[in-house]
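Some features that Swiss-Prot has for this protein:
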- Gly7, Gly8, Gly9, Val10, Ile11, Gly12: NAD(+) binding site (BINDING)
- 1-322: region 'L-carnitine dehydrogenase' (REGION)
- 323-484: region 'Betainyl-CoA thioesterase' (REGION)
Amino acid sequence: MKIAAIGGGVIGGGWIARFILAGHDVTVFDPHPEANRIVTEVMANAAEAWGRLYQSPLPKPGSINWASSIAEAVAGADYIQESVPERLDLKHRIIAEIEATASPQAIIASSTSGFKPSELREGSVHSERVIVAHPFNPVYLLPVVEVVGGGVAAQRASDILVSVGMKPVQIGREIDAHIGDRLLEAIWREALWLVKDGIATTQEIDDIIRYGFGLRWAQMGLFETYRIAGGEAGMRHFLAQFGPALKWPWTKLMDVPEFNDELIDLIAGQSDAQSGAYSIRELERIRDSNLIGIFHALKANDWGAGQTVKAMENRFYARNGKVQADYPLRLHEAHVNGGWVDYNGHMTEFRYLQVLGDATDALLIHIGLDADYRAAGHSAYTVETHIRHLAEVKAGARLTVETRLLGYDDKRLRLHHAILNEDGETVATGEHMLLHVDTKANRTVAMPPALMRALDHLNAQEEGPLPDHAGSGIRAVRLKETSA
């Protein structure tokens, strides 16, 4: 699938990064003289974040190609993401230029935060394929995207967005600013009043959000949070208790403070005092790191945004476990990013196990033990592991894992992995014993014939002697005798 991106700013750069990291080539057009630098910096942040977000092996990144015109960028593209400034006349001109060259079947998705599809489609030749796909920053991490416009194009776009790890929400009726920005604007408007009236500073408002209801919203949203607030009686009790307050009201509603230089200076000054010690890039990295921690917590509970991470990891595992004729198998590669390095300057201990575990997952998928197989109630559990650390691995290294089958029977599987660096040197080995289990009954069971046939096929390729360290335990170092 060929992707085209028109506009490479903060949002456009995030789109570009997400598609490239998911393995797609992207052709970009942006006449801004700093576009290449901006996208390169966003890509660096995104690559670092994905390396920490996903525990599965990542695909080989796609390539970025810079076009000298819109026509060159969209030629042959299947999906076109427009992320130019929020001016309707500009978007009309860009969409017209896209349609002049793009395939009639190509989806044209606008990142607009405010305009409706009906407005974007004015003057369009193939208006049915012009839709809204409005993301949230950082696009390479936050999965939700508001898809507005309906029809076949919206569904096709949603399928594509799911494949790159996003959570498309198709909005059935168009409205100015869609859903997310309408909610954000209400909070923003009220916050401006609180600052202008001297009731709270920017830091106090941010603290109340990030130490309070923001944490609830990140995992429960608005209505589910209030459902819990209603106690055992649920949402009806909450509405009965707090509904009358809507008639008071507490908020400024549609009143907006006069947006003048005085208000701008007040807010900008407080913001500088609050966060001026950090550069924007530093704040972005802090934000990304915190988001990754939240994603991991949600994934552990199979909840909310964590489900999108889990689903994407399953896609990566399935892609990685491709059929391979050569033996020993080379089913997994890894790139050591900066987040994998410890205080000694080399890859930290548990990352070796992660690489070995990813290689085991790739082998299991290779023989047919994939996500569908696990969902049906069977899996393989590792019950014993022996790792040997043979050489240091630095940040930036690219690793390949060679996998051999050392033994098997109807319930057990014994594997050997060798982690190789780019020079072919073995930097670590892992030997693992796995049991085939019925996850519903929580007991060991025999593997089905299809898995046994796949293992028989690997066994037929196993010709060399076992590694001389196979089956050995950790080297003995005895305690010194002490006098009584």
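Residue numbering: from 1, along the chain as shown.
Cβ from N, Cα, C; glycine included.
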Lowest local Cβ density among Gly7, Gly8, Gly9, which the record lists as binding-site residues, within 10 Å: Gly9
Residue, out of the binding-site residues Val10, Ile11, whose Cβ gathers the largest set of other Cβ atoms within 10 Å: Ile11
Gly7, Gly8, Gly9, Val10, Ile11, Gly12 excluded, remaining Cβ within 8 Å of their centroid (NAD(+)): Ala5, Gly13, Gly14, Trp15, Ile16, Asp30, Ile38, Val39, Ser83, Ser111
For Gly12 (NAD(+) binding site), the number of other Cβ atoms found within 10 Å of its own Cβ: 26
Three-state secondary structure, Gly7 (NAD(+) binding site) (per DSSP): coil
Where Gly12 (NAD(+) binding site) sits in the secondary structure, as DSSP reduces it to three classes: helix
